[in-house]
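Enquirer: I'd like to ask some things about the structure below.
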């Protein structure tokens, strides 16, 4: 079973948690896109949901495949969000944002009664941090914000490159018009302390640490899909 097949397995398992009539947050990324394709098949057969996308990319795919969408302002409270992750640990702490949609992903997840993460087994880690931590920042005062991030990291014993994400000939721009700094900290033993420190920096719009948000993870491997709960 290759990586895409595992993503499809996880998405299929997640679809079993979606009930007709739900207000559904729909995530961003390659695994979430497999979920959208499967969801579209159910919608075509008469399944009723109202979706709220976490990115313009997801919105385009949903519209292309016929998945009905609303804005979060129209549906400010959601029943369930299904989204992928770049890393997930045994306590269901996540690193997200590899696709650049971390701010909207976190807003949508926080508006949901429940968040289910779908991923293949390569995303499961003992300690977060092998994947670069995305940090969404305001364009104004970029250097000041980067220095502040470095100071927060240093206080926690974290070092590593903090690079500006690029796209083509310029910087990557989020759907909200912000920049992303990707921090290569390596192991992050105290994710809560790092999150608190980043939250206190004025130029940081949001970061990719999703802590205490997921209630279940569906992890697919060669033998099929399994579920993880916070341990």
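Placement of Cβ uses the backbone N, Cα and C atoms for every residue, glycine included.
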Enquirer: According to Swiss-Prot, 28, 29, 30, 31, 83, 84, 85, 86, 96, 97, 98, 99 bind substrate; so which of 123, 151 is the extra one listed there?
Expert: 123
Enquirer: For a quick check of understanding: given the listed substrate-binding residues 28, 29, 30, 31, 83, 84, 85, 86, 96, 97, 98, 99, 123, what is the maximum Cα-Cα distance in angstrom, as an integer?
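Expert: Max span of the substrate binding residues, Cα based, is 15 Å.
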Enquirer: Out of 28, 83, 96, 98, 123, give those binding-site residues positioned within 10 angstroms of residue 105 (active site, proton acceptor), comparing C-alpha atoms, in sequence order.
Expert: 28, 83, 96
Enquirer: Would you identify the secondary structure of residue 105 (active site, proton acceptor) according to DSSP, in three states?
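Expert: Note: residue 105 (active site, proton acceptor) is helical by DSSP.
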